């Protein structure tokens, strides 16, 4: 597993990198990879998205092939693109989504924030609102897209949409909940730690067969 921190990168550039790595991983010429990035302000619209959930078109909108509806990205939000070969991990996309939720719930707990799942919804929620959005896709059973964890971003961009297509959805962040500055670098480190730790419990099929 390779971890790549891309810093702040335009969405289109990060998407092109995902596509190239997905092809390489599917061909067996690159290792599974976790990309970490922050994006300049942009809205992304998933496969089940509806433009009526966009209330203001003053910011760039990109239509993409992940699941889910519309969401917002901006600096101060940690975006993760895990590129995993589910062909070696049971081809279970639902399990993969629950895995991502567990990673983010654990990372939030390290900052003193209690996150949880909501039945019938994908993502991480808190009593104060939705903390993280998750939307995934796969090509040749290699995952792309991933999660967006609100760390310390300006949340006003969410007021111009119905986040994830949910009317009245309140978005929050680790910084808003804790009421104090939250270090992006520290959150990043905790996400990586929990991602790698939990991934070790999700053995590829080839390894399971040898147990």
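Cβ from N, Cα, C; glycine included.
What Swiss-Prot annotates here:
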- 164: active site, acyl-thioester intermediate (ACT_SITE)
- 66, 67, 68, 69, 70, 71, 72, 73, 133, 134, 135, 146, 147, 148: substrate binding site (BINDING)
- 28-203: domain 'BPL/LPL catalytic' (DOMAIN)
- 130: site 'Lowers pKa of active site Cys' (SITE)
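If you take the Cα of residue 70 (substrate binding site) and the Cα of residue 130 (site 'Lowers pKa of active site Cys'), they are about 14 angstrom apart, rounded to a whole number. Counting Cβ atoms from all protein chains shown, residue 135 (substrate binding site) has 25 others lying within 10 Å of its own Cβ.
For the pair formed by residue 72 (substrate binding site) and residue 130 (site 'Lowers pKa of active site Cys'), distance between Cα atoms is given as 13 Å, rounded to the nearest Å. With respect to their backbone Cα atoms, residue 147 (substrate binding site) and residue 130 (site 'Lowers pKa of active site Cys') stand 13 Å from each other.
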